[in-house]
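Record features, source Swiss-Prot:
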ACT_SITE  486  active site, proton acceptor
BINDING   73-82, 91, 155, 184-186, 354, 360-363  FAD binding site
BINDING   221, 222, 223, 224, 225, 226, 227, 228, 244, 278, 313  NAD(+) binding site
DISULFID  82-87  disulfide bond
TRANSIT   1-36  transit peptide
């Protein structure tokens, strides 16, 4: 098979033809016909409600494109859920707890003697908080550098080009914009009959700031967030039980990878109760009691814990914005309906990130934000949602991009599979961290890579070679014929690619 040249491939994914819908075309032309604000005008070209990953990135990009921009953020700190009470603080705790676990259980294998290792939880939480503060200040600095106006307060629509803002200092102001982008993110999804008090019954926010390590922790929900936070407190000494209504953990994950991942977590003493329904939660006593039953019905049982983490997903934050007053259409879940240029049914009103359909991921929201303001500026923007990577930041990590084997079977696509275990990777063996594998799915006829799934200590970093390859329609042979430095973990991706179209060398 001749090697395909990535450099010669047409990067068709960077552009997109305008929709054939007359309604969409009308909205787009109306939007552009508004023109851009002059430097002396009090009207903005772009107003963004929400300063999370989608909102703040959109604001900076809009300003870089020459658009007068204002960003409104109710929290008083930029970065949204991700930076303040999500991605960043959780990764800080995941890293700190992993260091503690390594010191306690792995240092001896490397000839390092430690007499005693203790958790200083206040110091650990302080390190997490400092990381958050430094990063939020960093975004404020980027706003100043790019001349983005920052308004701290809660914004609501008055009209399609006016937002009333109740500022955090108690004042009120009106912000006008030719184009308004809703980037308000998402909130914790509640469960019927369960009241989150952020003390004994906590959301992911409360789980980031527990005052002590609970002896027993029950996690409701076996998704990304639940497994990550369960890992944090499990490493620090909690007995962790995960209760999940579905029959699998992380249902969107490739089935083969998911099974190995669950076995890995079980080795770390994380317990799973799958196909289990939470009937009620009682926190009136010192601890918390959960009444559960089989998902299909049956005999009930009682589970006891010191803390219960409710991690049953997230819901778009669109209530309280007065969207209905200006006629913006939403679906039953509260997501704003937009076209392929992020424009709602109301001319001049756009939406990005968690408030529109698609994966609720910070990096997806960032891409939405860039593409949206590019459209507003009269340029081409594009986000391919089939090629957005996902990562579970446990240890080992699990990262994926593209299709799973189950999806390809359902779609009737003929494919080949190539796998390579890290047990056969020299760098992984050298650092005594060889759990996991790389799995590549490629089209049987063309060898085009359709999906890549990695379980490894640093899978979240390794996946991006695959993301680039998939975006450029690379074949498995393309990756296999690229020289990879030795010894590196990334050689496992090369070997898996070799296994996909031919044979690997080291197994």
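For all residues, glycine too, the Cβ spot is worked out from N, Cα and C.
As the structure is a computational prediction, the values presented were derived from the model and not from experiment.
Checked against residue 225 (NAD(+) binding site), the recorded positions 76, 79, 82, 87 differ in C-alpha distance, with 87 being the nearest. The secondary structure of residue 79 (FAD binding site), as reduced to three states from DSSP, is coil rather than helix or strand. Taking the Cβ of residue 362 (FAD binding site) as reference, residues of its chain lying under 8 Å away and at least six apart in sequence are, in sequence order, 52, 53, 54, 80, 82, 86, 87.
Separation of the C-alpha atoms of residue 184 (FAD binding site) and residue 313 (NAD(+) binding site): 16 Å, rounded to the nearest whole number. Considering only the binding-site residues 76, 79, 221, the Cβ with the fewest other Cβ atoms within 10 Å is that of 76. Remark: of the recorded positions 82, 87, 225, 227, the most isolated position is 87 (fewest other Cβ atoms within 10 Å of its Cβ). Of the listed recorded positions, namely 73, 184, 244, 354, 486, the sparsest Cβ surroundings within 10 Å are found at 486. You'll find the Cα of residue 244 (NAD(+) binding site) roughly 35 Å from the Cα of residue 76 (FAD binding site). Most other Cβ atoms within 10 A: among the binding-site residues 223, 313, that distinction falls to 223.
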